[in-house]
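According to TrEMBL, the coiled coil annotation covers 20-47. Annotation comment: TrEMBL describes 46-111 as domain 'R3H'. What TrEMBL lists as region 'Disordered' is 187-227. Under the heading compositional bias 'Basic and acidic residues', TrEMBL lists 198-218.
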Amino acid sequence: MDLLGSILGSMDTVTNKKVDNEAKKRIQDAKQKALKFKEEERKKKAKFREEIELRINTFIQGPTNVKKLVFEPMNATLRSIVHDVAEVAGLLSYSFGEEDFDRHLVVWKKEYSPSDVELEALRNGLEYNEEIAVKLIDSQNSKSTLSGDEQVSRKRQNVTAEPEKYFEKYAKIVGEDSGLNAAVATKSNKAYGMVPSKNKEDKRSIEETMRQIRDRKLQKLSNAELT
């Protein structure tokens, strides 16, 4: 049995070594393929960058009335190369369109920088022209007007809510019944705002009025205890 076990053990060792060698070979082959693919991608990117540099240089040196250069749709990796080349050349570049469908770049000469209206049109998939510009400007003005109306409405709501908050705060300070009565007495009017005309006449401050209300309340409690 010992001899048989030794023979079987030797066979297992040989088999394991064979498996290990095959696994190592597969791993090595995979690494080589990955390195080869990486090198091919590097060469492709380098070649693409050279082509973009040539196109952009031609654009810069071309007719001065040519304001922008529109590129064909491309993936994010290639777009990043175009952005980088444009930035190095001192140009402005923006991406437009839907990813994985028609996402592309447009490069402008700095002296012909696009306006916000033009960028908005291109982001919406519109071909920019004077008619589109007028429509977008009108739309922006309408939104601004609506936003202003909303702010005015909110301010009015806040002003309406202020007296109610004032009454509640007053009630918590000097007591529910006395506080509400006193707060009602100091309700705003056209002449003096939040302080009534009566308070203005006798020159008492709100703090003095509140102290007197507390004193009267304590006096009532004391009288009630004595009786």
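Residue positions begin at 1 at the first shown residue.
The backbone N, Cα and C atoms fix where each Cβ goes, glycine too.
TrEMBL entries are annotated by machine, without manual review.
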What are the helix, strand and coil residue counts for the domain 'R3H' (46-111) according to DSSP? 31 helix, 13 strand, 22 coil
Mean of the pLDDT scores, which run from 0 to 100, over the domain 'R3H' (46-111): 95
